[in-house]
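A.B. asks: For reference, the structure I am asking about is given below.
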Amino acid sequence: MAWWGRSALSAFRPWRPAGWRSLFTEVGDVLGEGRQVPSPGRTDMVATRLWGVRTAPCAVGLAVLNSSITGRRRPISFSASASSIFGSGGNSKKEKLFLEDIAELIQARACQRVVVMVGAGISTPSGIPDFRSPGSGLYSNLQQYGLPYPEAIFELAFFSHNPKPFFALAKELYLRSCRPNVIHYFLRLLHDKGLLLRLYTQNIDGLERVSGIPASKLVEAHGSFASATCTVCQRPSPGKDIWADVTEDRIPRCPVCTGIVKPDVVFFGEALPQRFLLHVLDFPMADLLLILGTSLEVEPFASLSEAVQRSVPRLLINRDLVGPFAWRPRSRDVVQLGDVVHGVERLAELLGWTQELQDLIQQETEKISWLLFFLAVHS
Ligand SMILES: [Zn+2]
């Protein structure tokens with residue numbers, strides 16, 4: 001989410017494991033899906049590349065990483081036109097791709113390991129304002145909390161001194177009862193069709209979960225409100241446990257040590273969740289990268305967009321031309337500029353998914369309405 005803005009560079013503190021072997025053990029633990037982690041014999045080579053991701057400029061590290069795990073790509077059967085797009089020998093590759101080509105690749109199942117990256121732009125249609133956009137509400141409303149500067153609301157030092165602004169903001173977002181929009185449900189459909197390898201989100205609103213995409217398919221890079229942790233004794237708790245206090249303007253306290261309980265949202269200076277390590281395996285495996293509603297200004301996201309193989313098409317659906325699509329475009333890049341909802345609806349139309357998408361939205365909206373009704377009755 002653009003909440004972190006450029007300052008998230010400082011939020012991405014290199015995560016330092018005890019050693020390479022433990023690093024890959026943890027990647028394996030995070031995966032927990034029976035997928036193979038790099039063999040011990042390749043550990044040094046790949047670990048060096050992984051370390052490059054986190055210490056050297058990301059683009060460099062990831063570019064090297066790209067070439068390291070290519071041996072694990074599964075063979076893909078292309079349709080004739082898909083073959084012409086991907087190419088069979090190198091010089092027969094189609095020069096320029098369009099949105100129609102991406103739709104055809106998906107329909108032909110030439111792309112069935114889709115990695116998706118999303119940012120604040122997919123949540124604004126749900127009524128969640130961009131933290132930084134002037135006039136959007138949140139940014140200017142923060143003045144009432146007496147913050148020295150807006151970003152302080154997500155700084156641990158300020159939070160431990162004065163957690164009230166953060167919980168006031170959390171309450172405001174909670175009470176808005178925002179719901180997933182057509183973009184979230186398009187991604188859910190992608191999952192339902194077995195095409196979603198992983199969804200990397202910068203958003204902390206949890207709408208991807210609400211849309212029905214399972215947690216195993218998500219990497220919430222900046223954390224979420226789904227869980228919380230005591231800032232003193234580190235006792236974990238379900239995120240829902242804090243809301244009774246938050247909605248009554250009380251600071252949630254640990255039942256064991258009375259420390260402040262903080263939702264597992266990544267603050268400035270905090271390490272990213274361990275699940276973020278999945279990118280080491282996901283991006284080289286991807287056969288299509290879909291990027292929606294993000295400025296690609298926040299590292300390491302911006303560099304992740306370069307972590308897919310060069311032969312892999314990258315589709316950007318966004319208001320503006322951003323990141324590597326602007327300053328280091330690739331021949332297989334496809335850019336759909338303008339309103340993100342319209343762009344996604346256009347893609348759904350080209351895929352022939354429009355009716356299916358509408359049915360899914362109706363079905364899920366009814367489910368959420370019943371849930372809200374149930375909660376209202378029983379609260
Ligand atoms: Zn505690």
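Glycine too: its Cβ is placed from the backbone N, Cα and C atoms.
What TrEMBL records for this protein is below:
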ACT_SITE  H222  active site, proton acceptor
BINDING   C230, C233, C254, C257  Zn(2+) binding site
DOMAIN    92-354  domain 'Deacetylase sirtuin-type'
A.B. asks: Test of understanding: give the count of other CB atoms lying within 10 angstroms of the CB of C230 (Zn(2+) binding site).
C.D. replies: 20
A.B. asks: What are the other residues, in sequence order, whose C-beta lies within 8 angstroms of the center of the C-beta atoms of C230, C233, C254, C257 at the Zn(2+) site?
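C.D. replies: Neighbours within 8 Å of the Cβ centroid, excluding C230, C233, C254, C257: T231, V232, Q234, R235, P255, V256, T258, G259, V261.
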A.B. asks: Using DSSP with the three-state reduction, classify H222 (active site, proton acceptor) as helix, strand or coil.
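C.D. replies: Looking at the DSSP assignment, H222 (active site, proton acceptor) belongs to neither helix nor strand, so coil.
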A.B. asks: Helix, strand or coil: which one is C230 (Zn(2+) binding site) in, per DSSP?
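C.D. replies: The three-state answer is strand.
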A.B. asks: Measuring Cα to Cα, how many Å separate C257 (Zn(2+) binding site) from H222 (active site, proton acceptor)?
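C.D. replies: Spelling it out, the Cα of C257 (Zn(2+) binding site) and the Cα of H222 (active site, proton acceptor) are 26 Å apart.
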A.B. asks: Using a Cβ-Cβ cut-off under 8 angstroms and a sequence gap of six or more, which residues of the chain neighbour C233 (Zn(2+) binding site)?
C.D. replies: C254, V256, C257, G259
A.B. asks: So what's the mean pLDDT when you look at the domain 'Deacetylase sirtuin-type' (92-354)?
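C.D. replies: Averaging the confidence scores along the domain 'Deacetylase sirtuin-type' (92-354) gives 91.
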